[in-house]
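Visitor: Dropping a structure here in C-alpha cells format, bear with me for questions.
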Amino acid sequence: MKVVLAFSGGLDTSVCLKLLQDKYEADVVTLAVNVGQDPEKLEEIKEKAEKLGAIKHKSFDLTKEFVENYVFKSIKANGLYEGYPLSTALARYPIAVRLVKEAHKEKADAVAHGCTGKGNDQFRFDTTISLQDPDLEIIAPVRELNLTRSWEIGYAKEQGIPIPVDIDQPYSIDENLWGRSIEGGNLEDPKNEPPEEIYELTQSPSEAPDPEVIEVEFEEGIPINLNGKKMDGVSLITKLNQIAGEHGVGRIDMIEDRALGLKSRENYEAPAATVILTAHKALEKLVLTRDELKFKESVDSLWADLVYRGSWFDPLREDLDAFIDNTQERVTGQVRVKLDHGSARVVSLESPFSLHEPELVSFEEFGFDQQESTGAIKFQSLQGRIFRKRQGE
Ligand code: ARG
C-alpha cells in the first residue's frame, strides 16, 4: 500500500510516519507544506522524513496562495471564531487540497494525517479530502489507534524519533503566517496561567516599547499598504507581525468550543491578524450602512462557523462570499492604529466612500433643520403609545 502523509515534522506526524510503516505496512510519501513558517524548517522536515523512512519527500511553499485565497477572504469576512482570528482552520484547506493532488500524482491508495479524534483539524482534512476525491481512503493513525500524547512520547523515544528535549509534556503548536496556536501540556487546565515561554511572536505587553501609531491602507477590503509602503499580502503580514508583536499585540487566552462540543483552553498569538481585523472592522463602520453592518455581522459569524468546522468547500461559503465581496467594493481607505502595550486601538479613519457627513452631524453647523427630527421621533413611539393606551382602557 502506498500512502501520502501530511507531514509537519512534529510529534504526531512523526509517530504516524513510523506507524504507517510498521502497523499499516505502507510505503509512505511525506508531504510538507509551508504556510508561512520559517522556510528553513522545510529543509529540517525533509531530513527528518527521510531519516524516519519516507520513500519520498515533497515540499511546497503555499504561503502566497494561503494569503491570497484564504486569508484575504477571511479579512473581508472579519474572520473571528468566538473572538479569535481563524488561522489554523484557514491553512488546513490548501494543505488538504494539495494532499489529494499529490496522492493522485503518486498513484497512492490512501492519504494520511496526524489529527486526533478530539480536535477540529480532522473535520477540515476529512471533509476537504472527501469533497476532492470521495473514493480516496483516509488514514488517521492517532484517531484510529486511540493514541494519547504520552503513549506517542514513549513510542517516539523507543523508535528514536527526535522530540523536543527536556519537556515531558510538549505543547501542541500549529503555526502559519496568520497566527500561532498553542495547546496541551499544563495549559489544558484553565486554572494554570500560561507561562511566558509559550510565546514566540509577541513580547510581553509590560515590556513593550513606547506606543506607536501605524497606518494600514485597504483597497476593497484588502490591506495593500503599510506605513506608506505598498506591499503584497505576504510581506505586509510578515512586517506587521513583527511590529505589532514587539508591542505585545495579539495574545489571546480563551476557552473555546470545539466542533465536537468539547470546551478547550486555547492560546493564540496573532499580532498582524489582530491589527488588520480591528482596522478592517472600523473601516467598514465608516463606509457601510447601518443595515448592511447588521446583516453582515450575521453573515460573518456564519462564515466563521463554516470555516472553523471544516466546510470551506460548502456551497454556502461561496454564497456568503458573493455578498461579502459586494460590500467590500467600498472598503477602501486609511486606518491608523495605536499599538500600546498589548492593545491595538483605531485612532483615525479616512475613506473616499465614507458615509460620515461632517456638516450633518456637527454641533456647530446647520446641515438640516433640527426641528424636522421631532416628527420622526413622534412616529418612533407610535405603536408603543397605542399599546399603553389599550392597557389603560
Ligand atoms: N483550536 C484551534 C483550531 O481549531 C487550533 C488548532 C491547533 N491545531 C493543532 N494541531 N495544534 O483552529
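Heads up, residue numbers simply count up from 1 along the chain you see.
Each Cβ is built from the backbone N, Cα and C atoms, and glycine gets one as well.
In TrEMBL, annotation is done automatically, which means it is predicted and not curated.
The structure displayed is predicted, hence computed values, not measured ones.
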Visitor: If TrEMBL gives Ala6, Phe7, Ser8, Gly9, Gly10, Leu11, Asp12, Thr13, Ser14 as binding ATP, which of Gly114, Gly117, Gly119 does it give for that site as well?
Guide: Gly114
Visitor: Going by DSSP, is Ala6 (ATP binding site) part of a helix, a strand, or coil?
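Guide: Strand, per DSSP.
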Visitor: Let me spell it out: for each of the binding-site residues (Ser14, Ser172), count the other Cβ atoms within 10 Å of that residue's Cβ, using every protein chain shown. Which one has the most?
Guide: Ser14
Visitor: At a 10 Å cut-off from the C-beta of Asp121 (L-aspartate binding site), count the other C-beta atoms across all protein chains.
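Guide: Asp121 (L-aspartate binding site) is surrounded by 24 other Cβ atoms within 10 Å.
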Visitor: Within 10 Å of each Cβ, count the other Cβ atoms, then let me know which of the binding-site residues Ser8, Thr116 comes out lowest.
Guide: Thr116
